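Enquirer: Below you'll find the structure I mean.
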Amino acid sequence: MRKPFICGNWKMNKNVDQAKAMLTELKAKVAEVEEVEMGICPTALALTAVKEAAAGSDIVTGAQNIYWEESGAYTGEISAKMLADSEIEYTIIGHSERREIFGESDFEVNKKVHAALENGVKAIVCVGETLEERKAEKIEAKVNFQVDAALAGLSEEEIADVVIAYEPIWAIGTGETASAEEANRVIGIIRDHIRESYPEAAEKIRIQYGGSVKPHNVEEIMAQEEIDGALVGGASLKAESFSEIILKTEEIYK
Ligand SMILES: O=C[C@H](O)COP(=O)(O)O
């Protein structure tokens, strides 16, 4: 069975002190969790503080973005190597906000995935359709295209270790969620697509759902066969709601 991964994406929220305070609270609440991998992706500024504050717990730390070069004249960027040097375990790549607001392309997403894996940093690759694409029945074409582009050139072993987050863009931060069955259906489509070329990796790769995951809907979402966790935005900002999401997932997997 794949170990579910519940990861908080704090986006551009929390300063260093707020990040540390939340970790202290969260650690106490999830101390007994065994069946769920737990992660927090703070801003770049708070990465090392979160890493240090998470010490002694099973909470892993992730960045929200990287650049693919190792170092150099790339103002404003941080590299996968820098994350690895600070023992940061994960990085999100290709979140829809980065694709939409910062114009990140599938080509760039692929270069970032390679850079992450080459440095031993695990990648959480985000894919998902817009509302227009959903209405035009282009969900499958869109997510499979993004998955192919992101994973191009990786070995089957590397693919097995990637995490994909299926985040329908219309469900992010809106309070709207894909129904649990619909999220499961699309994630099944993604897994079947990966299976065509990488049958072993398809069984191992974890595919999360993201988009308004909250304590009140997490049980329904996590009870679905294909869904291996969640990438949580808004509800990961409070220890109370984020721990509830983790603990409810733990109950399902126990
Ligand atoms: O990365 C997280 C997603 O964008 C979901 O955000 P949300 O839970 O606030 O809808």
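For all residues, glycine too, the Cβ spot is worked out from N, Cα and C.
Residues or ranges marked as active site, electrophile in TrEMBL: H95. The active site, proton acceptor feature in TrEMBL is assigned to E167. Taken from TrEMBL, the feature substrate binding site covers N9, W10, K11, G173, S212, G233, G234. Taken from TrEMBL, the feature coiled coil applies to 9-36.
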Enquirer: Around the recorded substrate site, report the further residues of that chain (criterion: Cβ within 8 Å of the mean position of the Cβ atoms of N9, W10, K11, G173, S212, G233, G234; site residues excluded), sequence-ordered.
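Expert: Output for this site, in sequence order: I172, V232, A235, S236, L237.
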Enquirer: List nothing but the largest Cα to Cα distance in Å, as a whole number, among the residues N9, W10, K11, G173, S212, G233, G234 that the record says bind substrate.
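Expert: Maximum Cα-Cα distance: 14 Å.
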Enquirer: Rounded to the nearest angstrom, how far is the Cα of the residue listed as 'active site, proton acceptor' from the Cα of G233 (substrate binding site)?
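Expert: Each residue's Cα considered, G233 (substrate binding site) and the residue listed as 'active site, proton acceptor' end up 11 Å apart.
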Enquirer: For a quick check of packing: other C-beta atoms within 10 Å of the C-beta of N9 (substrate binding site), how many?
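Expert: Counting Cβ neighbours of N9 (substrate binding site) within 10 Å gives 26.
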Enquirer: Quick one: give me the count of other CB atoms within 10 A of the CB of G173 (substrate binding site).
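Expert: If we count other Cβ atoms within 10 Å of G173 (substrate binding site), we arrive at 12.
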Enquirer: Give me the non-local Cβ neighbours of K11 (substrate binding site): same chain, 6+ apart in sequence, Cβ-Cβ under 8 Å, ordered along the sequence.
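Expert: Looking at Cβ-Cβ distances below 8 Å from K11 (substrate binding site), excluding near sequence neighbours, one finds Q64, E97, G233.
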Enquirer: On the three-state reduction of DSSP, what should I expect for K11 (substrate binding site)?
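Expert: It is coil.
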